[in-house]
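Over in TrEMBL, the protein carries these features:
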- 16: active site (ACT_SITE)
- 117: active site (ACT_SITE)
- 132: active site (ACT_SITE)
- 3-180: domain 'Josephin' (DOMAIN)
């Protein structure tokens, strides 16, 4: 499959959570408006919503991502970084959403600040792609072995976190984890 056939939303404002959701789903499902609606449902009594930026530019938290996935009959499973990614049953995982540190820049000037950034990884036609919205286009990671290396490298950053995007039944029965490799 050519990279032109892989759905890839690019970064706009602080909407990386929305881009990660749409990229992992491989279609434009969520918008700023739908994410804002989710925020209102999560905190209906709050004047200042704790699930997004006060400025209204996005910067949605994990609760918004989890609620969005639930609306699509999917679930987000927090990855325990004490395990190795090789213990995943990749065939049961729809995709990955990672939260990683990211540099802040103003135009071409990179500032000495770090923020959090959501990015998606998904298998398309047998190959895994890095669908980070800050990239100009999707980057082919390769097969499962290369994916494991990529994810391990990402998770080696102290503050990086990973969500597994799975079907609800897979979350419930725990089949996203290889039973022959329970705690490694």
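Glycine residues also receive a Cβ, built from the backbone N, Cα and C atoms like all the rest.
Since the structure is predicted, the reported quantities are computational estimates derived from the model, not experimental observations.
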Between residue 132 (active site) and residue 16 (active site), the C-alpha gap once rounded to whole angstrom
8
How many Å lie between the Cα of residue 117 (active site) and the Cα of residue 16 (active site)?
6
